[in-house]
Amino acid sequence: MMSNLKLGVEVISARLKPREDYGGVNAYVELRFDDQKVITMTKIDDSSPVWNEKFFFNISDTEDLSNQFLDAYVYNKTSSITKSCLGKIRILGTAFLPYSEAVGLPYPLEKEKWSMFSSAAANGGELALKVFLTDNPSPKVPNLISTKKIPSKSRHKFHNIPTNESNHSPRGNQQSFQPQPPPPQSQTALPPPMMESSLYQAPRFGTPIPTTMGFNPNPPDYSIKETKPILGGGKRARSSDHDLVEPMEFLFIKIVKARNLPSMDLTGSLDPYIEVKLGNYTGKTKHFEKNQNPVWNEVFAFSKSNQQSNVLEVIVMDKDMVKDDFVGLIRFDLNQIPTRVAPDSPLAPEWYRVNNEKGGEIMLAVWFGTQADEAFSDATYSDALNAVNKSSLRSKVYHSPRLWYLRVNVIEAQDLVIVPDRTRLPNPYVKIRLNNQVVRTKPSHSLNPRWNEEFTLVAAEPFEDLIISIEDRVAPNREETLGEVHIPIGTIDKRIDDNRTVPNRWFSLKTENQRRVRFATTRLHLNVCLEGGYHVLDESTYYSSDFRPSMKELLSHKQPSFGVLELGILRIEGLNLSQEGKKETVDAYCVAKYGTKWVRTRTVTNCLNPRFNEQYTWEVYEPATVITIGVFDNNQINSGNGNKGDGKIGKIRVRISTLEAGRIYSHSYPLLVLRPSGLKKMGELHLAIRFSCSSMFQMLMQYWKPLLPKMHYARPLKVVQQEILRQHAVNLVAARLSRAEPPLRKEVVEYISDSNSHLWSMRKSRANLFRLSSVFSGLLGTGEWFQDICRWKKPVETTAIHIIFLVLVCSPEMILPVMSLCLFMLGVWNYRLRPRQPPHMDTRLSFADNIHPEELNEEFDTFPFSSQDPGIVKMRYERLRSIASRAQTVVGDIAGQGERVQALLSWRDPRATSIFMVLCLVSTVVLYVVPFKVFVLLAGLYIMRPPRFRGKTPPGPINFFRRLPAKTDCML
């Protein structure tokens, strides 16, 4: 008897990669379960189809449900009678969940059949399904097409059930059903179902991680958009250094100093400060104690767009314990204030008499100007007059310290003295310290130990001392210092290339109290040098902004600049709340980094649509570099935040080589942040970018030069060592920039430098796997196209290929010219399809738009020690083992194919080797007798022979190759 339990499948959407020979994708999905089959409607010419169709299957045996499975095939309808499989997925019956726990998930499509010589391969992509069990489907379950053979000729119709009421059936005679409202879904769901084609495994340990993310068929708009701002005030010619931003007018008032202010207290003293008042905005200078001639040198800037009064008041106040006393004031009519236009000279301050009977004068200057004014960067802005830490609001320019690689070769030590036990054999090792970097040699059991170990550290100018000490391990947890030496790095030799040899040096060690070691002098033999021929990497090599060496002599002579990069940071629109959700507004500022120059815009407080309109320039030395712009939420404005870091709102990268010289790129870039809750769009950053080339020839010649300095190729660093040194370099840069005023905080430097790019991420692994498949998709597509040529599926095209083949065989000298001409014509053809805007972060390429919460939870987990429950960590380990087992199988198959090639002449299979040797001897005679052109012609015609001359079984050479032995049978 058939049970009332039904299997529901909702086909949501897909993301497909079309084959080049088919052009667009006419996709539909075929579902198979328990000898039943249904198909969706066909989406014409759509690589991202959305169906939202729901189907229900009868379950014949509920007790055997765990042994059943659901197959979903995605087909491309190439014509009215032909189709091609784009991929399939299989979901096991053990993964079927109740409707209240089911969630829509994207499943990666896999090949229908895999073989080294098979052409049936999936092109990649994903299919989003929601699979659930229910005993009360909304409509009556339609008749399903059975996969078993039915003797009668009657046709069975089935009905697809759209999830939207506005969707209609794709077939005219079908009946559309109106589903009843389903029961409310729970906010907590289990991890994704176990399946053969997915990387997920259902957790069997611990508490499942809540999942609130489903597959969103209509994701937010993450694309880059072109904008048309009024740059430079609408002037076409370059009239100033701020022609990439929109002009913003400010009222500037510079308070310089005062003299002969009257005394207010009974003691005859005065604690003066000045209030600058414009409407409801009031700015205050710092106060001086008992000073009637104070010097302030402070600048206030009031936005003209927020002007609330026509009178500016400058009030002199006396700070008191109970209530501040009024000293005097000066009033200015805004209609009489002059306007200064850069690059005019600064307005000279003047003495103004305070409106007070007792006298007193203030030197100040008042004028209208724009953000191009020199006083703009040092001003206190009207939107942040009440901030406690006003220094963190200003725009500043920083420069990274010059970094060097410090190479230390610890050779040997002599005359170690053990005090007080001189008879004990020591267990010494050398410890090297520089900043926060500590390295150690291996222990050596001798009074005259020899190590001969080399270490590389990162040093930053201005240099700190290098501390080298010899430690004696007297117990497992006890060490004694036998002596140490402080080496000023400024006295160390510098090396430009590998041709120069740095001499070794002996250093005398001292004890902690700076006395010579008793009874003898302990000496340490070292080879220390500063490597000036390297570029110290403090960014990822994939999007680095500088590749120049550390030595200044190499900077100026061998790599001059050939262009200028100009960046205009206009504004941000639609900022969301901070990541904690505790702040109602955002105090946003931007940081841009290119080369060694960092720039920081002013902080616009309490604004969700801040306008910056600040412009900066950099010299360009290498086209294959990237400028990084990050947006942050300033949490240092008011006191009480402690060590709370600035919030990350998003960042973008622009590669210089993708920019056309002389063109202004004005676009709005989405600010994307990946959080444990998923991908979030924080707003849109509006930028204007222009790359100006001063020497086109020099820039083109730069493409032929090595990307890194010579020392990186003469004495290359290991990949692991280079990554460790990069982390030290980022820490050094962050430590130095955090000492500036205002400081550029450590979390900002790490976020811009992407210091965590080396950490494990399942999302990045999947993305890189699909990137790899996309790279080889063209090669696989060419192979499939050639197989279609050989099978004569397109007779006209096959005939044309035969003619071209005959021409090239008869005139082999035309092969290389024709290939070069084809590549040239392909480039000309693709010119009309060239990108019109700079590349931006692709959420689909990054697999960030539809990622499972468990993967995000793992990506944001702490390292190297996890903060998750041991059961979850064990589940992740089991999942990683499952992935590694698949990789292990693929690597083993590839190795087996190579071992079969080696087995041709290894005599592991005597008969196979004998056959191959006979074939080689026969082919030698044939190739000697038959002309080469004739041989190539016959071989090509044989390979492209018509189907009637082909068999249905693989050819003999492939059968022979598959029988060759591999070393798989020797594996344990």
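In case you wondered, yes, glycine gets a Cβ from its N, Cα and C as well.
Straight from Swiss-Prot, the features:
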| type | residues | note |
| --- | --- | --- |
| BINDING | Asp265, Asp271, Asp318, Asp320 | Ca(2+) 1 binding site |
| BINDING | Asp265, Asp318, Asp320, Asp325 | Ca(2+) 2 binding site |
| COMPBIAS | 150-159 | compositional bias 'Basic residues' |
| COMPBIAS | 161-173 | compositional bias 'Polar residues' |
| COMPBIAS | 179-194 | compositional bias 'Pro residues' |
| DOMAIN | 1-107 | domain 'C2 1' |
| DOMAIN | 232-352 | domain 'C2 2' |
| DOMAIN | 384-507 | domain 'C2 3' |
| DOMAIN | 543-669 | domain 'C2 4' |
| REGION | 142-203 | region 'Disordered' |
| TRANSMEM | 803-823 | transmembrane segment |
| TRANSMEM | 924-944 | transmembrane segment |
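Distant neighbours of the transmembrane segment (924-944): 789-790, 798, 801-802, 805-806, 809-810, 812; these residues of the same chain sit at least 6 beyond its ends, with a Cβ under 8 Å from one of its Cβ atoms. In the domain 'C2 2' (232-352), helix, strand and coil residues by DSSP number 9 helix, 52 strand, 60 coil. Listed binding-site residues: Asp271, Asp320, Asp325. The one with the lowest count of other Cβ atoms within 10 Å of its Cβ is Asp320. It is 5 Å from the Cα atom of Asp318 (Ca(2+) 1 binding site) to that of Asp325 (Ca(2+) 2 binding site). Cβ-based neighbour count (10 Å, all protein chains) for Asp318 (Ca(2+) 1 binding site) stands at 20.
Per-residue pLDDT, averaged over the domain 'C2 1' (1-107), rounds to 83. Note: the Cα of Asp271 (Ca(2+) 1 binding site) and the Cα of Asp325 (Ca(2+) 2 binding site) are spaced 10 Å from each other.
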